[in-house]
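Asker: The annotation topological domain 'Extracellular' is assigned in Swiss-Prot to 1-25, 69-100, 159-199, 255-263 on the grounds of a curator's inference. Taken from Swiss-Prot, the feature N-linked glycosylation site covers N3, N84, and the record attributes it to sequence analysis. According to Swiss-Prot, the transmembrane segment annotation covers 26-46, 48-68, 101-121, 138-158, 200-220, 234-254, 264-284. Per Swiss-Prot, disulfide bond is recorded for C92-C174, and the stated evidence type is sequence analysis. Residues annotated as topological domain 'Cytoplasmic' in Swiss-Prot, with a curator's inference given as evidence: 122-137, 221-233, 285-306.
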Amino acid sequence: MNNVTEFILLGLTHNPELQKFLFVMFLITYLITLAGNLLISVIIFISPALGSPMYLFLSYLSIIDIFYSSSIAPKMIFDLISENNTISFNGCMTQLFTEHFFAAAETILLSVMAYDCYVAICKPLHYATIMTQSMCGFLMVVAGILGFVHGGIQTLFIAQLPFCGPNVIDHFMCDLVPLLELACTDTHTLGPLIAANSGSLCFLIFSILDASYVIILCSLRSHSSEGHLKALSSCASHIFTVILFFVPCSYLYLRPLTSFPTDKAVTVFCTLFTPMLNPLIYTVKNKAVKNVIKKLWKQIMTTDDK
């Protein structure tokens, strides 16, 4: 039986001055996230020079980051200046689904990108025959489907729990642990199963990524010094992105089902700052992307002068 039609979100802080500061900072960060990831996606789609699988996956990652951040950030930002910090039951379930859908899709996509890096370094002569356009499309579809399944399982598990009274969530969003704490039933058995769906996915993919890079680093011994540095440079951005994504993910889901004061800060970092940093990580040392951006900028300036 479910008597709860809406949840009250306590948010990040009750300090009015801090709320105003966070509102401005988070709004700017979110707009940079949208602009940066959209720019990367558009540049890759319109530039023939960035037609390799690596850039195709990067554009897909940017699109996922836009939706992932947008599933949480707008509501969180608006609530900082709103006096009515509530969310309907259906809205809560929708937020839970979209968050886990896009997070899982990104998790799987990062493993696909690691596989692409492995093939490029360890099997360079067979790269063109393995990483075909159809294979890349297939891998991206698989990431989307598995993300959808993961998000659906999490949402169905939570939605069927009875919520009969308490409806105050000590968070700025709907997530597994806060909702399990409000359920009017014993969740000692079901709770770990729900958490394991996220925790096991996080642990499995992170283990696959670790194994991939161990193999890559071992294979680099047979490369020349120049080839060694070039290969490391091509993978460094991906490794940094993996660390930014999986360290917070592991903290949130590879642990007992208990809320901690730091959960809110870690979630903000995951959903707002990591998606903002990803475009910067992949462009700072990427000459191909920077050259395309410079070329497009020159074309725009030339057009304006005319």
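Any Cβ shown, glycine's included, is placed from N, Cα and C.
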Asker: Between C174 (disulfide bond) and N84 (N-linked glycosylation site), find the distance joining the two CA atoms and give it rounded to the nearest Å.
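Answerer: For C174 (disulfide bond) versus N84 (N-linked glycosylation site), the Cα atoms are 16 Å apart.
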Asker: Neighbour count first, Cβ atoms within 10 Å, every protein chain included; then name which of N3, N84 tops the list of glycosylation sites.
Answerer: N3
Asker: Using DSSP, what is the helix/strand/coil residue split across the topological domain 'Extracellular' (1-25)?
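Answerer: So the counts come to 10 helix, 4 strand, 11 coil.
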Asker: Check the DSSP secondary structure of C92 (disulfide bond), expressed as helix, strand or coil.
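Answerer: Looking at the DSSP assignment, C92 (disulfide bond) belongs to a helix.
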Asker: Please count the residues of the topological domain 'Extracellular' (69-100) that DSSP assigns to helix (H, G, I), strand (E, B) and coil.
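Answerer: The topological domain 'Extracellular' (69-100) comes out at 21 helix, 3 strand, 8 coil.
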Asker: Within the chain of C92 (disulfide bond), which residues six or more apart in sequence place their C-beta under 8 angstroms from its C-beta?
Answerer: E6, F7, C174, L179
Asker: Tally Cβ pairs under 8 Å between the transmembrane segment (264-284) and each listed stretch (26-46, 48-68, 101-121), then give the stretch with the top tally.
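Answerer: Answer is 26-46, with the largest number of Cβ pairs below 8 Å.
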